[in-house]
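Asks: Annotation source TrEMBL lists ATP binding site at K41. Marked as domain 'Protein kinase' by TrEMBL: 12-293. Per TrEMBL, region 'Disordered' is recorded for 168-211.
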Amino acid sequence: MARAGELLGDRYRLIRAIGAGGMGTVWWARDERIGRDVALKLSPPPSNGTSAPCFVREAHIAAQVSHPNVVGVLDAGEVEPRRRFLVMELLRGETLAERLRPREPLPVAEALSITIEVCRGLEAIHAQGIVHRDVKPENIFLADVPGEGRVPKLLDFGCSSRATSAHALPSPFVPTLPRSSEPNEPAHEGTPPGLGTPQYMSPEQARGEEDVDGRADLWALGAVLYEALAGRAPFEGTDVDVVIDAVLTEEPGPLPGWIPEGARRLVAKCLEKDRRRRYPDARSLRLALEEAFADFMGAHPSSTGFTRTRGSSMRPPARGVHGRIAGITIAATLVLFAVASLPSLEAARLGAALLLRATVGDAVKVAAGRAREAAQHEARPGTGR
């Protein structure tokens, strides 16, 4: 039994447990070699015959992905025969589940922005031939990153597998530093190990199909976006069998009337029972999300859609020219200035799209040039433009 103060691998000093589950315990630990706090996931004692191989597999899968929207794996080791640990970056902030806990919808722009970033993480995961298999609000962490605001990060590869694998692994907990001192709550009481979480499980997973690919993750992300927009999951119930039956046979209720039509269509396509009718890959979904975000910002140019929550400013994280979203308060002002004189909604949408694809400085230069081109193209006689 590990104890606070214990040193693992001659390097990691355990401080306190911050989560526990069937695959072991997550500790807040200190890397004494470089003086950094980390999250250390310690496998259960060897009496659990399957834990060690599963744990090694999870570590190998997680270590293959390096992306700002995926929790970083730093190290792995063994403290005794068949008892292993996995070291990850320690995240401060809150899970999307905690953000949604009041069961109130998020602002549309906030929901879309979070989903875009998670989709970027899925692109990186799928590029390695990995299916996460357990995308849900508890596994999306809104990390407070100095200088960048809040950065959504995908957590927990405990259920992940290769795209054609029929085998899933238990998904016990979130390896993060919660705002409270309480361990994380279980995602769903009574969920059989290895199945993921019923409310966000794709129909092919619910049927136990062997050929599960990245489109299962797109279903789950669509269910997460539905919940963020509606304040409730698309399929609910206290009994696992009832929820799974709803996933297989029922359609989710309509989204609230204020949700833009583009976002409605996007969610509906993600939640198609037949995966052939969903988006073919994470990149296609991400592009559709960016278009929906641009449409919304074009129609609501004065709205940031972001609110203050638990003492932190919820805004899109600063991004570089390769797709990181610019800080919304500054960038929205600059883009609005650049497109203020445009005569059409389409030109305004162009400015909003730039918000997602450039740094603040690049957005000013590109938006100004595009705005002039659009104004010249759409100018009509007598407008004085």
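Glycine too: its Cβ is placed from the backbone N, Cα and C atoms.
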Asks: Name the secondary structure element type, per DSSP in three states, that contains the residue listed as 'ATP binding site'.
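Replies: Once the DSSP labels are grouped into three classes, the residue listed as 'ATP binding site' ends up as strand.
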Asks: Between 0 and 100, where does the mean pLDDT of the domain 'Protein kinase' (12-293) sit?
Replies: 85
